[in-house]
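If you look up TrEMBL, you'll see 1-22 marked as signal peptide. The feature transmembrane segment is assigned by TrEMBL to 110-132, 144-161, 173-197, 227-249, 323-340, 347-374, 386-407, 441-459, 471-494.
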Amino acid sequence: MEKWSLMTITVLLALTVRWAVSLGSYSGAGKPPMYGDYEAQRHWQEITYNLPIRQWYFNTSDNDLLYWGLDYPPLTAYHSFVCAYIAKLINPDWVALHSSRGYESQPHKLFMRTTVFVADLLVYIPAVILYCSSLKETSARKKASTRALCILLYPGLILIDHGHFQYPLSLGFALWGVLCLSHDWDLLGSVAFCLALNYKQMELYHSLPFFCYLLGKCFKKGLKGKGLVLLTKLAGTVVLSFAACWLPFGTDVDQIMQVLRRLFPIDRGLADKVANIWCSLSVLIKIKNVASPQTQLKLSFAVTFLNLLPACIKLTVQPSLRGFKFALVSCALSFFLFSFQVHEKSILLVAVPVCLIINEIPFMATWFLLVSTFSMLPLLLRDGLLLPYAVTMPAFLATCLASFSILDKTSAEDLQLKAFSLSLKGYVSWFKSFPRIVRTLFLFSLSLMGVLSLLSAAVPPPQSLPDLFPVSVSIVSCLHFLLFLVYFNIVILWDSKNSKSQKKIS
């Protein structure tokens, strides 16, 4: 009973923070002609409500794809339609075809903000609470509310969902998938992840760990017995889930191809001013100027695949829930750093899996989550979210310090590097002072992020270098992420606990 009362307080506090952030501005407010992501979500409601399904993804006189055309999978469109149906009942002007473009009013803002709250309450928050409450260890159960509080107060997701404006449904469905797999509900987990993937195609960042974990589980059970039965059930579940989501489009090949073209455009080339490797390298060489979009696509695919390979092979050979969660982090981070057309917000696809392992490596998880929010600073400043950023970042750090005493969790064992350190014994003399070095780097990192945040917010850049601060934020964040990628891969590849926990699967 006490645990659930603490959970109730945790949820109320998380909702209060979300409500406070939602009182501010949102993406594109009062900025014609495109306004911003808020208008994109509203416009999709307008399109899905007023036009037949066959026109949702096609360029027509009523659906100008250059003005926030739908570029997410069908489940996003269905969700937009449901929101539009409710909006129509309240005020038809909110979704009136053509005339509602750029519609801005306080009642409509309240409605849109409420739809995000509802999505949070129905999908994302319950997944977090149940995940944290389902820990098997007695000591961990007592800390379930603390862990949930840290996850629900993660500033990056709050600032983007309730400030910048987007829905947490794809990440919520992915969390439900992880929760189901942790209870051996493999078919339900597959359905949940299919829903995530059919809501946002960026969930491909998590697809290989889901696939490799379940495939490895089938191998362990034996492909001539229970493993084959499970593999057949999983394949059928995935096919049926996708068929249900795509049913309205499945009768016309042209419809399917048009949706796919909208989901995976390649003519934009590599992303700019994002904290990944391509943006950082562009300071030295403009890859866009020396390679075609097709070449860029092939290059990014090859580099991403090579970085995914070690974690995926390890997970397939030694499937374990622990390895699965770490692989979600490593693979998503590889996608973010090296893949094609990355958005600043895509770092959330890495951050949410990091939240799931915050009790296992609280120091590194907290550090990563702070950097991930910092990496989106240019976007947050454009949306007028400086004050929420300045408040939620220190509040999150203070919560993690109080909950996990993270500065005391920097030994090789605490960082899950004991096996790796033993393999280096006799070769690296400074490993004994590793905790002190790590704490020093952490404090230096916090100071650097603080200084760049202040400069970005308060100091005009030189006229000759207008993008000085956004690019600096991107490069600093990218260097952090590269180090984190090395760290997570070391944990995965040297993790002896995986070989122990996989025995439970077989």
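Each Cβ is built from the backbone N, Cα and C atoms, and glycine gets one as well.
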- prompt: By a Cβ-Cβ criterion of under 8 Å, what residues six or more beyond either terminus of the transmembrane segment (347-374) are in contact with it?
  reply: 128, 131, 135, 140, 143, 147, 150-151, 154-157, 159-160, 171, 174-175, 178, 202-203, 205-206, 275, 322, 325-326, 328-329, 332-333, 335-336, 389, 392-393, 396-397, 400, 403-404, 406-407, 409-410, 414-416, 438, 442, 445-446, 449, 452-453, 473, 477, 480-481, 484, 487, 491
- prompt: Is it the case that the transmembrane segment (110-132) and the transmembrane segment (441-459) have 3 or more CB pairs under 8 Å, with pairs at least 6 apart in sequence?
  reply: no
Query: Is the count of Cβ pairs under 8 Å between the transmembrane segment (386-407) and the transmembrane segment (144-161), pairs 6 or more apart in sequence, 3 or more?
result: yes
Field: Same-chain residue ranges lying at least 6 outside the transmembrane segment (227-249) that approach it to Cβ under 8 Å
entry: 53, 73-75, 186-187, 190-191, 194-195, 198, 214-215, 217-221, 255-256, 259
